[in-house]
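Enquirer: Just dropping this structure here.
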């Protein structure tokens, strides 16, 4: 079936394997690896350049999703260990002006719990690339309270929002999140669409025996709202007993369920470094109803060869991969008086060490020590 063929791994951009051989010989680790025009970039030894920065603004969350954290929650970082607003904005300035970052996504925990979020977004929106352009600013949120703040966030400079929603069944939502807050999330989706933050993206993690039955209802709901639904294969980032490689719901299984209701065809727009394979969906029973659905097959069809992300945690460390077990701390160097150039050098060195892939299928794979709520999506 064509949908299965489309999910085969895409070849890395610019033939990464070949590029890594030629690039590694010419790029030196002891500089920030500037191209000829003098602009610096975050490049790794395989030639991938990071343009997309994920910034975790807090490790705190107001939900207790079963696949993310225990019912009692986790021990939050003390405030003095987390970056303050000025420190966040200084590192973002370095990222944009010195290191070539062009997209910034604020995550958590739950970023709406961060005090002064609007001020942080406004400060980020004031940054300009060396081409004089504003960086693209996005937010990943569980949606609780977003409806009341969406106008202020957009005015501050927010361009787009991703809202996490794994089910539209009220009872299942309570079971999954351990909170009765579904109506608030749905109100926030309506508010984000009304605010024109197009496309509003809805992220749904599919878990075996939990919410497989929600695949089609979620798709119908998101299409009716004009939002872009993205199904995500569950990854080994929560409680270790929650994930087994052989039990997970794969991208192909998700597509098979969708095909019971929709006619699917691959979207024509280039995928680039985006994690989702996009599908145009037409309702079989009513062809007037159309929309777009994304599938993020991080486990079965990883996109590591095209990854363009760097990650900054709320306590000021750089992670070059979501699944990395090593981190490069910037906070202490920043507080000890390091210059922007010195901080940029540390950052560049961290990204240079990025591995070719996440290694989930490797025999010796170990989950990262940090839970997903402390890394950021």
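For all residues, glycine too, the Cβ spot is worked out from N, Cα and C.
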Enquirer: Taking 79, 140, 167 as the options, which does Swiss-Prot list with 54, 105, 201, 309, 310, 311 at the GTP site?
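Expert: So the GTP site in Swiss-Prot includes 54, 105, 201, 309, 310, 311 plus, from the candidates 79, 140, 167, 140.
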Enquirer: Can you count the other CB atoms that lie within 10 A of the CB of residue 201 (GTP binding site)?
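Expert: Neighbour count, Cβ to Cβ under the 10 Å cut-off: 21.
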Enquirer: How big is the gap, in Å, between the Cα of residue 307 ([4Fe-4S] cluster 2 binding site) and that of residue 201 (GTP binding site), rounded to a whole number?
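Expert: On Cα coordinates alone, these residues lie 20 Å apart.
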Enquirer: Checking the contact step here: among the binding-site residues 65, 67, 321, which have a Cα within 10 Å of the Cα of residue 310 (GTP binding site)?
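Expert: Taking 65, 67, 321 one by one, the ones whose Cα falls within 10 Å of residue 310 (GTP binding site) are 321.
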Enquirer: Can you tell me which binding-site residues out of 65, 67, 109, 304, 321 are within 10 A of residue 311 (GTP binding site) by Cα, answering none if there aren't any?
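Expert: Those near residue 311 (GTP binding site) - Cα within 10 Å - are 321, in sequence order.
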Enquirer: If we count other C-beta atoms within 10 Å, could you say which of the binding-site residues 65, 307, 321 has the fewest?
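Expert: Each of the binding-site residues 65, 307, 321 was scored by Cβ atoms within 10 Å; lowest is 65.
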Enquirer: Considering Cα atoms only, can you say which of 54, 68, 201, 304, 321 is the nearest neighbour of residue 109 (S-adenosyl-L-methionine binding site) among these binding-site residues?
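Expert: Nearest candidate: 68.
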Enquirer: Measuring Cα to Cα, how many Å separate residue 65 ([4Fe-4S] cluster 1 binding site) from residue 164 (S-adenosyl-L-methionine binding site)?
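Expert: Distance (Cα to Cα, whole Å): 11 Å.
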